[in-house]
Each structure stands twice: as C-alpha cells, then as structure tokens.
Amino acid sequence: MSEEKSRNGPARLKLVLGGATLGVVALATVAFGMKYTDQRPFCTSCHIMNPVGVTHKLSGHANISCNDCHAPHNLLAKLPFKAIAGARDVYMNTLGHPGDLILAGMETKEVVNANCKACHTMTNVEVASMEAKKYCTDCHRNVQHMRMKPISTREVADE
C-alpha cells in the first residue's frame, strides 16, 4: 500500500501544480480582459462611439477609464454588468439599429450617478441642488463628453 501511495504522489503533485497554474493563467486572463475592456480604445472600437471617444479624450476626465464612470466599481457587480452591457452593445452594433443618439438606461444612470458621488465626495456636501435633482447628470449632462451646444441654447449648465 505504501508503495502504491509513493507512486501516486508525483502524479497528484503534478495534478495540483497543473491546476494551480491553470487557475493563475485564467485569473490573469480575466484581469487583463477586464482592464483592456475598461479603456477608451476598446470602448470606441465601434464606429458609433468615435465622437464620444474624441470628446472624452479632450475632457477633464480624460485620465480615467470609461468604466470608472460607466460600470460599478465592485467586482461582483461589475462582471455581470459588463457582460450584459457588452452583449447588448454587440447585438445593437451588428444586428440592431443603435440610432444616432445613445442614451443611458436607468441602471446605467444609477451606476454613473453613484460613481460621480464616489469621486466627488466633497462636492456633494456643498451642493444644495443634490436634493432638488436626483442625478448629477440632471445638471451636468455632458460633463464627461464636453459641451455640445452654444451657450445661448443651453438649458443646463454644461450642455
């Protein structure tokens, strides 16, 4: 019996080491994929997103990734959120009709608002309008992607 155990020892060790190596490679691949798909070059790889990428690059938020605003920061919330949003984007850009104007859905608005508040904590303390308006983007509609309208035609501060 001990002779049989000693023969199985190296095989078991190889199996454990192989499994651990495979696990590390899988985690590294997921981490790289998550980081890569957070960045502007990936997000603007569909032609419909090119104008958004240009305005982001020129904005005050150019140094942060798209998903610093557009996805939850919590990894367990981020994974399904990105998977669903990615599948929807692939479908709309290949089989659907995305239209000229891209509007955020309610779930995305909630995520973006939470991320605004997370980064701009000191601003939230001083802003009285936080009680009057539900979302930061109710007043700061185009802060990330720059002003789109001449001053004379704006309805909110940063259109």
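All residue numbers here begin at 1 and follow the chain in the order shown.
Yeah, the Cβs are placed from backbone N, Cα and C, and that goes for glycine too.
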Same heme 1 site per Swiss-Prot - residue from D68, D89 joining C43, C46, M49 = D89
Query = Swiss-Prot has C116, C119, H120 binding heme 3. Which one of H47, H56, H61 is in the same site?
reply = H61
Query = Does H120 (heme 3 binding site) have same-chain partners at least 6 apart in sequence with Cβ under 8 Å from its own Cβ, and which are they?
reply = C136
Ask   = When neighbour density is defined as the number of other C-beta atoms within 10 angstroms of a residue's C-beta, which of the recorded positions K57, H140 has the lowest density?
value = K57
For heme 2: widest Cα to Cα gap among C66, C69, H70, H145 in Å = 13
